[in-house]
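*Asks:* Okay, these came from TrEMBL:
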DOMAIN    38-442  domain 'Amino acid transporter transmembrane'
TRANSMEM  45-64  transmembrane segment
TRANSMEM  70-98  transmembrane segment
TRANSMEM  119-141  transmembrane segment
TRANSMEM  161-179  transmembrane segment
TRANSMEM  191-211  transmembrane segment
TRANSMEM  231-250  transmembrane segment
TRANSMEM  270-291  transmembrane segment
TRANSMEM  314-335  transmembrane segment
TRANSMEM  363-383  transmembrane segment
TRANSMEM  389-407  transmembrane segment
TRANSMEM  419-442  transmembrane segment
């Protein structure tokens, strides 16, 4: 029985590989080695959850400080509904092209085939690269900050500074970056799924503990600042929520699915959004309830007041360790588009994947990419402001606008149909929001510029 089942499995994998070659007209090393199409719908769910349900969700209570209860929960619900809808539209477009014999494996492939080659090369490709590489830098910086938080709690008078922790986290990323393909991350991303539930539970429990005790601040849910600051604060909050829901790599995740892909992405999204609903809403509501408009940019910062922990130390240690571990997975997932581009540039599809011809350029190029990201994170510890800019300029068009445009151009629904006007409304509304959020993010960078200092120990 065992040899027969192994032979059947190998035969199935060969069949999947041959189908993949059939779908992809010009098979390059990036598509062949990084975007292997061997995964199942549950693997897809792991990848989606890691890319969306990330430690950025710990900023949601802070976004609520600009919006208040009603608008905050409304924006959170709208973000969930629109992104779930948009990601399914992208999946349907990808399935349609696969059935037509042209399986698209990358976001820029979709833009090239649907909008034209210039859109793929000069708009979607660069924006996706900036968003994903920005996420790698942001993960590295946040990983270093969580390490520093653990260090200061255990050694209050310690002399280590932030950039040293960023470098330590970068070394971990350097090792994980050598994992050859997106599909190879499926087991890591399963662990990541468990970790995001774990630290969200800890953050929620910590917020409730402080909120019910006398240790926390007095609850104040009023909106701070004058009218101008409140207006720009609303759009900053929208950018934060959009970045939290953002993905930017849906086509690359769907590329990891073994053909036929029909229906698999929807199941993966259901897994992801089940986790997302539990984690996003529990952290946002409990954090804002406990700290009100005193909620910090990262809710874990509220757990310590002037060096004094407001919750048991072990809870802070555990939450930060879970967060650090998941950040390493998030960073590697968002490194995949960079890996794919470098593999396409330096790899040889005619040579074996693990031949010297491909392994040596792979190790060198990925090491350089991680080293540059680590250097940027160490130099610019205020990268959060820049990430807001990237979120407004990148996640809003990639995840809210382009999916509905792709769907309307591919399936050409009647102009009398509700779906056509729903998609047009989403595209127009979120394009306008993106433009305003971009202005708000630039304004925030200008306001904070006087505090910027390279290699600052913040």
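Note: Cβ is positioned from N, Cα and C throughout, glycine not excepted.
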*Asks:* What stretch of 45-64, 70-98, 231-250, 270-291, 419-442 shows the most Cβ pairs under 8 Å to the transmembrane segment (314-335)?
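*Replies:* When the Cβ pairs under 8 Å are tallied, 45-64 comes out ahead.
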*Asks:* Between the stretches 70-98, 119-141, 231-250, 270-291, 363-383, which one has more Cβ pairs under 8 Å with the transmembrane segment (191-211) than any other?
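*Replies:* Looking only at 70-98, 119-141, 231-250, 270-291, 363-383, the most contacts with the transmembrane segment (191-211) come from 270-291.
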*Asks:* Quick one: find which recorded stretch in 45-64, 70-98, 161-179, 270-291, 389-407 has the most Cβ pairs under 8 Å with the transmembrane segment (231-250).
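*Replies:* It is 389-407, which has the most Cβ pairs under 8 Å.
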*Asks:* Could you tell me whether the transmembrane segment (270-291) and the transmembrane segment (45-64) are in contact, taking contact to mean 3+ Cβ pairs under 8 Å with a sequence separation of 6 or more?
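*Replies:* Counting Cβ pairs under 8 Å (6 or more apart in sequence), the transmembrane segment (45-64) reaches the transmembrane segment (270-291), since there are 3 or more.
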*Asks:* State the non-local partners of the transmembrane segment (70-98) in its own chain: residues 6+ outside its ends, Cβ under 8 Å from one of its Cβ atoms.
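*Replies:* Same-chain contacts beyond the flanks: 23, 52, 60, 63-64, 104, 110, 113-114, 234, 237-238, 241-242, 244-247, 250-251, 254, 259-262, 265-266, 269, 273, 276-277, 280-281, 284-285, 288, 399-400, 403-404, 406-407, 410-411, 423, 426, 430.
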*Asks:* Counting Cβ pairs under 8 Å that sit 6 or more residues apart, are there three or more between the transmembrane segment (363-383) and the transmembrane segment (161-179)?
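*Replies:* Answer yes: the transmembrane segment (363-383) meets the transmembrane segment (161-179) with 3 or more Cβ pairs below 8 Å.
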